Amino acid sequence: MIKVGILDSTLREGEQTPGVIFTVDQRVEIAKALSDLGVSMIEAGHPAVSPDIYEGIKRIVKLKKEGIITSEIVGHSRAVKRDIEIAAELEVDRIAIFYGVSDIHLKAKHKATREEALRVIAETISYARSHGVKVRFTAEDGSRTDFDFLVTVSRTARDAGADRVSIADTVGILYPSKTKELFSALIREVPNLEYDIHAHNDLGLAVANALAAVEGGATIVHATVNGLGERVGIVPLQQIVAAIKYHFGIEVVKLDKLQYVSSLIEKYSGIPMPPNYPITGDYAFLHKAGVHVAGVLSDPRTYEFMPPETFGRTRDYTIDKYTGKHALRDKYEKLGVKISEAEMDQILAKIKSNTTIRFYRDVDLLELAEEVTGRVLKPRPPEQIEALISVKCDSNVYTTSVTRRLSVINGVKEVMEISGDYDILVKVQAKDSNELNQIIESIRATKGVRSTLTSLVLKKM
């Protein structure tokens, strides 16, 4: 029977993404969001690295003690006693000690023999355990380590007091069948020990390798929101939890909260989400080809592996030269506009003859319908409203601090500091005018905001 949970490493591995830095307040907010999402463990950072990481973990542990955060809190540490002491004094639930165990790492980085490495591993794990904290040992570059030595490393870690060993595919070279075989063999050779998979995505196989590791017996998958991490990152959280739900029938987090957490990390990391990103990208449940849209309108299962509502999303489709009559009719019905079959044929012909337009927005379709029918059409209020809100800040505030506060308001998609009469430009999206008004009021109520000017987006080219 498969048993699996998620360790989220956005605050540790994720912050190792080039150009990404989280403030202390952001670290705390992210930890709360991850706990609300339901991840089993939060790797809160390596406290010996810098004072801000230390302070962030301190505040996160405090929230754990108060019951606000429920996930297990993990502190990262080198196999160095001072690192362990710093993590232990923060009273984290678990210390994760890492050490490179491949011959490449032993020779080039540690300048150590295998025997010396085993001694360091045993001593530091025992030292951490003496502080009354649980220990996970990470076999860094485990995927390129001689198997017999990896068995010895795992056994040494277990005997020294670690209850978990993480096998790190540090340069992302594993492939699924080998991954499953590796974990199955380790569990067979070194029982009474739980295993994690830490899969990097250098070959684009991180999710597949994580699933294979779970099949092989791994019980914790390391992931980061939006797949952040060193180089090209590790297992993307939203992808692995969706795959676990689909393939194993296990809901390891609250799937409908993924979009919020993904957007939060997108804002704080400054790394934009590609529109075609699985699960949380703008195109994840957006259909285009006429045959596809007709199928989805008849039965969404034709072109969707799971309903978008599972992930707090909605389905939609684009209108362009690929569009068929089913999609066009449905779009006009949603707009509340009555179009005859003959008029529909004329509109569709106009759309297909203009091959340069990438997206037909609702306003474009109304213009076409008015052109064909000769009538002035009054549509229903739009289901999605996009707006640009110009913000003027108080003269005595730091604009960047206001920008950060605005970036976490629900409905805010992008925040930019600008020159001119206004200081900040905010892009927002709302399902209706009531929600738009609520977003605007939240922006106006933000500390440091003096005034706003709202412009509705009517057309995108």
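A Cβ is built for glycine as well, from the same backbone N, Cα and C atoms used for every other residue.
Swiss-Prot lists His198, His200 as binding Mg(2+), and of Glu13, Glu386, Glu414, Glu417 the one it places in that same site is Glu13.
From the candidate list Arg12, Arg27, Arg231, the residue Swiss-Prot records in the 2-oxoglutarate site shared with His76, Arg136, Thr170 is Arg12. Checking the recorded positions (His76, Arg136, Thr170, His292) against His200 (Mg(2+) binding site) with a 10 Å Cα-Cα cut-off leaves Thr170. In the shown protein chains, 24 other C-beta atoms lie within 10 A of the C-beta of Glu13 (Mg(2+) binding site). His198 (Mg(2+) binding site) has Thr170 nearby among the recorded positions His76, Arg136, Thr170, His292, counting only those with a Cα within 10 angstroms of its own Cα. A helical conformation is recorded for His292 (active site, proton acceptor) in the three-state DSSP classification. Cβ environment of Thr170 (2-oxoglutarate binding site): Gly100, Glu140, Asp141, Gly142, Ser143, Arg144, His198, His200 lie under 8 Å away, each six or more residues apart in the same chain. Checked against His292 (active site, proton acceptor) by C-alpha proximity, the binding-site residues Arg12, Glu13, His76, Arg136 yield Glu13 as the nearest. Taking a C-beta cut-off of under 8 Å and a sequence gap of six or more, Arg12 (2-oxoglutarate binding site) has these contacts in its own chain: Glu43, Ala44, Gly45, His46, His76.
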